[in-house]
């Protein structure tokens with residue numbers, strides 16, 4: 001066992017000799033990851049973790065409600081998959097491989113979005129979730145009644161604009 005040394009410049013615990021040699025090897029690998037792809041990408045091909053940037057002439061949305069039914073979709077027709085339930089990394093990788101976007105379902109109580117601070121926090125959480133899960137945007141699905149010219153009406157308009165601005169800024173090409 002090493003003795004404690006209080007004075008002097010000698011190290012008490014020697015540094016591992018191999019660690020410094022690995023750093024120069026790992027850095028180019030990390031830098032070679034495509035934009036938007038991180039080391040924790042669940043896809044076999046890391047490029048599939050990048051956001052989809054193409055803009056189709058028309059949109060065909062599919063609303064995925066779980067299970068593995070997506071394996072039977074006609075992927076030649078689909079441009080966007082909206083996830084209504086649990087995130088499925090296998091679905092995200094497959095959709096991106098087929099050229100389709102995968103987006104969050106955004107639903108929030110209208111009474112809560114009147115508060116601008118709450119709205120900003122909710123949007124930030126959605127952006128963070130989308131980025132963490134390599135998703136391509138959000139589909140706002142608010143099905144609550146909103147009276148014309150009510151505070152909720154203007155808050156909903158603000159929510160759409162602020163969400164769009166935030167997603168477009170944080171995830172290039174997002175919906």
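Heads up, the Cβ atoms here are built off N, Cα and C, so glycines get one too.
If you check Swiss-Prot, you get these features:
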SIGNAL    1-38  signal peptide
DOMAIN    39-175  domain 'GH18'
CARBOHYD  115  N-linked glycosylation site
ACT_SITE  143  active site, proton donor
Cα distance (Å, whole number) from the residue listed as 'N-linked glycosylation site' to the residue listed as 'active site, proton donor': 19
Counts of helix, strand and coil residues, the domain 'GH18' (39-175), according to DSSP: 57 helix, 17 strand, 63 coil
Sparsest-packed among the recorded positions, when each Cβ's other Cβ atoms within 10 Å are tallied, from 115, 143: 143
Mean predicted confidence [pLDDT] for the domain 'GH18' (39-175): 94
